[in-house]
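Encoded as structure tokens, the structure appears first; notes follow it.
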Amino acid sequence: MSLDRTDVEKIAHLARLNIAEQDIQEYAENLSNILDLVDQMQAINTDDIAPMAHPMDAIQRLRIDEVSEGNQRDHLQTVAPAVEAGLFQVPKVIE
Amino acid sequence: MLEKTLAGLAQGLAAGEFSSVELTQSYLDRIKAEDGALNSFITVTEEQALSQAQAADQRRAAGEAGPFTGLPIAHKDIFCTEGVRTSCGSRMLDNFISPYNATVIENFNRAGAVSLGKTNMDEFAMGSSNESSFYGPARNPWNTECVPGGSSGGSAAAIAGGLVPGATGTDTGGSIRQPAALCGITGLKPTYGRVSRYGMIAYASSLDQGGPMARTAEDNAIMLNVMAGFDPKDSTSIDKAVPDYTLTLNDSLKGLKIGLPKEYFSDEIDPQITAQVQAAIKEFEALGATVKEVSLPNSHLAIPAYYIIAPAEASSNLSRFDGVRYGYRCNDPVDLEDMYKRSRGEGFGEEVKRRIMVGTYALSEGFYDAYYKKALQIRRLIQQDFVNVLAEVDIIMGPTTPHPAFKLGEKTSDPVAMYMEDIFTISLNLAGMPGMSIPCGFANGLPVGLQLIGNYFAEERLLNAAHQFQQATDWHRQTPAR
């Protein structure tokens, strides 16, 4: 599986990653090598094999729907890049 | 005092030979004097350590000390520690002072442990050499031109270098066992779900597992006693009673059945490693174990399956780092998309970006069945291999790594070559079973690790076997020249 510049740009956009223009070629090569490595899987017939998501095939544990955490907004916002009046600030989204 | 194991230090504290404050200060002094050469710590928490030590001494004076009270350790910088920078080895979290504690940290706090600081690691635990750390690589105390392994390389280097008697690590594809092997120490990856993942910054959630690292199996047992247990805050934590892992250390190995997978003894492995591993297995036979050849036929598929599953989970887990609520935010974003893209582009290093992109690609429209679903099917084949073999034998043994520690920079330009270093460790994370690495010799002056693999929740068995081996040998007592 070989990826070209356009593929890398598309994937980087989907992942919301800014990639420097001069690095795209190297990413294309490295990602292609990684995909070549994983393509060994395609030689194996897995038609009747159930996909394994958890080693013990455990299911999601449920809990009673009740309040278990107090309001820690101010405490948690101490590490935020930009906050005003208890709200996270981001660049303007709507004109 | 500083040459003692955790078990020895616990005795010294209990006997009043030294106080936790004295012990802690001695380690802090040594870190200050010697970590310049190793770069094994990202953050040293001197003030907190001394106040924890003081509290531990008071607790002992009041007659309320437990087995771990006053013992100094360090934590991989992946465990969120309240009031302390928790960087995960990344520029993205260089400014992140965690507002809460991971359950593992809480458990050690409750036991009265002293934390000396946070250890170096590959960025977001993605790496096998510690070279992807934003803070520069930790170095191998046996040869500072060599890597300590990764991702828990700082923890391994600090222990091998005598800067701390024990440290936590995490293992997603070998990140406890591989650095333990390369630095000549003992490390254990528990069964998936045995140690809480709450507050342990997520890389690949279905594979990540925290565990202990120290010089000896006995110290691993002492640490695991504190770390293991059910945690309602971790949705995949297993609700199963935790034994006292120190009680079975001295059980006899007579009749222990050891399986040697033929796939782990191929020609591609450094012959010196094979020779040391075979000598170690002879030692186990002398201790009463029997040995037979077994086969894990799907071993060669572990790395391919891992490099879909782990990046896929990582691309999802790391989507939370968007510059909005915490972590790195780029300067002067023009709009929201620019902020996301530049914060992530500038905040993440190369290897992390590569894995996010592999995962994004594998999960993108039209590729899911060919990659992610296929990898999960292969995962079951790999698990079945282990289940089948462990129905016949008690412990599987082989080398932890195919080579001893390699030179810094040797594999950084070829990600796939770096990935291959985890060939013997990765399959176990896919299966979810526990594994250990213990020192078993040297190759060209660099440590060699023996891997022990057991069935689900067989940590007692592994620790017992490792301890008995360490009673009969002294590889774990070797220390690098200071």
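Each residue, glycine too, has its Cβ placed from N, Cα and C.
These features come from TrEMBL:
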- B:22-463: domain 'Amidase' (DOMAIN)
- B:Lys76: active site, charge relay system (ACT_SITE)
- B:Ser151: active site, charge relay system (ACT_SITE)
- B:Ser175: active site, acyl-ester intermediate (ACT_SITE)
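With respect to their backbone Cα atoms, B:Ser151 (active site, charge relay system) and B:Ser175 (active site, acyl-ester intermediate) stand 5 Å from each other. Listed in sequence order, B:Lys118, B:Thr119, B:Met121, B:Ser152, B:Gly154, B:Ser155, B:Ala167, B:Thr168, B:Gly169, B:Thr170 are the same-chain residues at least 6 apart in sequence whose CB falls under 8 Å from the CB of B:Lys76 (active site, charge relay system).
Neighbours of B:Ser175 (active site, acyl-ester intermediate), defined as other CB atoms within 10 A of its CB across all chains, total 37. Note on the domain 'Amidase' (B:22-463): its mean pLDDT in the predicted model is 97.
B:Ser151 (active site, charge relay system) has a Cβ environment of 34 other Cβ atoms inside 10 Å.
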